[in-house]
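Peer 1: These came from Swiss-Prot, pasted as-is:
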- Gly39, Glu40, Asn41, Gly42, Ala43, Gly44, Lys45, Ser46: ATP binding site (BINDING)
- 7-242: domain 'ABC transporter 1' (DOMAIN)
- 256-500: domain 'ABC transporter 2' (DOMAIN)
Amino acid sequence: MTGDVILQISNLTKSFGPVKALKGVDFELRRGEIHAIAGENGAGKSTLMNIIDGILQPDSGEIRLDGTPVEIPSPAAAQKMGIGFVHQEIALCPDVSVAENIFMAATNSSRSFLMDYKGIEAKAREVFAQLSSIDPSVLVRDLSISNQQLVEIAKALTLDCRVLILDEPTAALTEAEAQVLFKIMRRLADQGISLIYISHRMVEIFDNCDRVSVFRDGRYVTTQDVAKITPADVVRAMVGREIGDLYPEKQRPEACSTTEVLRVENLCEAERFHDVSFSLHKGEILGFAGLIGAGRSEIAKGVCALEGQVTGRLWLNGEPLALRDYQDSIDAGIVYLSEDRKGDGVFLDMSIASNVSALKVEQVASALGLIQPGREIEQADRLGRKLNLKCGTLQDPVSSLSGGNQQKVALAKMLSVNPRLIFLDEPTRGVDVGAKAEIYRILRDLAEEGAGIVVISSELPELIGLCDRVLVIHEGCLSGEVSGPDMTEENIMHLASGTQQGTGAASVAAQ
């Protein structure tokens, strides 16, 4: 990382009607550094990045690029200035090749009617030689999400990008894919490219970034070298207060109930998982840990009758249970909250109230089957208050909400059927630390009210901080259980990687 400043922002303001999104923000980016941006949802991060990329125009303030004042009227202008933006949502044309996607980016930035396709293809191959072994002739839809993200980065680099903005780039990546991305980021920084890295994940910020700037309520708070501060310092700056109680208090061992909410025996499904047996007790939050692809989500879906040919036996509150499909599961009070919030968890273009009632619309319908808006609003209002949902009106589309509040709507939809058992897959993915603390409190409250809670997460600190027990899954089988003082990242990773079979305190519970 060099000391010279490539991008400098001074006293930037931006309002949307009466709402002040940016309030005199300052920011500087050095050449060849990886600079993290941290802040809760609504802190102003996205607004600032959209201004840097020319998507939005500031109301006042100054932007300097290489010391020269500039205006960035559009994303095309940003590209010509060497600014690239890889959004969290992939923006590629799936039915054309990698090379054609890059050609389109080049066309948008070119003033010429004639494109140097051979030159662009040569440049693309040169860039991919650095990034990965992606074949430019392959259709984008045939690539994994991680490789599609690399194509987005390649688009920027083929346009001689000097500043690269990455917005939550690991949200859909496996751990191995994320590590590849981090190596590429460092390689680009070593070549003099400056990266702005937006993430809610403190581990990623502290492992891969040089500096971090914190924003809160539309204001710039501080910039620090990551080597000189701690994650707790960043969180404190983000929220303006201590979050010592990020995780609510767990059950005391002597208070643990022996009453089983759920019992699973010998659950199997083809090649996905085998002979899975476990139990969940009243008032308990149970965690599922394991590497990506180990079968965690598939087991949860198997219990909820969302998978195909599943065999095995289930008991709910001591009664045998046979489920033919997910509707049977819902009717029995067992629900599954998908890790893909925007794909399966909520309907972004529908109202908050309609989302909440979507799982069982007959609850808000008349005898003739017509939805009663009054009932729908009443249900959404009751559950919204329970979950501390922050919104304008319940008729607003879910797309208008922050990630944390979208997740609360998805959870309210689950609660609308009065579930006895809730499986939550990556429940805090893409939400800020303040929203995480609220979701953790909600889950603990639900457990104390008698619901069975199973949390699937790739974040080990989350599982350790929230759950009373953690089951570890390796290649479709339960490899062990950890609880109490044995619930450590080291023990979980040993079991998840298959280097240790559970024994004693770190073993599969006797069934």
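Glycine is no exception: its Cβ is also placed from the backbone N, Cα and C atoms.
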Peer 1: Within 10 Å of the Cβ of Lys45 (ATP binding site), how many other Cβ atoms are there?
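Peer 2: The answer is 20.
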Peer 1: Hey, what's the Cβ neighbour count for Asn41 (ATP binding site) at 10 Å?
Peer 2: 19
Peer 1: If you average the pLDDT over the domain 'ABC transporter 2' (256-500), what number do you get?
Peer 2: 90
Peer 1: To test your reading of the ATP site: which residues beyond Gly39, Glu40, Asn41, Gly42, Ala43, Gly44, Lys45, Ser46, same chain only, put their Cβ within 8 Å of the Cβ centroid of those residues?
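Peer 2: Close Cβ neighbours, site residues excluded: Phe215, Arg216, Asp432.
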Peer 1: Most Cβ neighbours within 10 Å: which of the binding-site residues Gly39, Gly42, Gly44 is it?
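Peer 2: The residue with the densest Cβ neighbourhood is Gly39.
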Peer 1: When DSSP is mapped onto helix/strand/coil, what comes out for Gly39 (ATP binding site)?
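Peer 2: For Gly39 (ATP binding site) - judged by DSSP and reduced to three states - the answer is coil.
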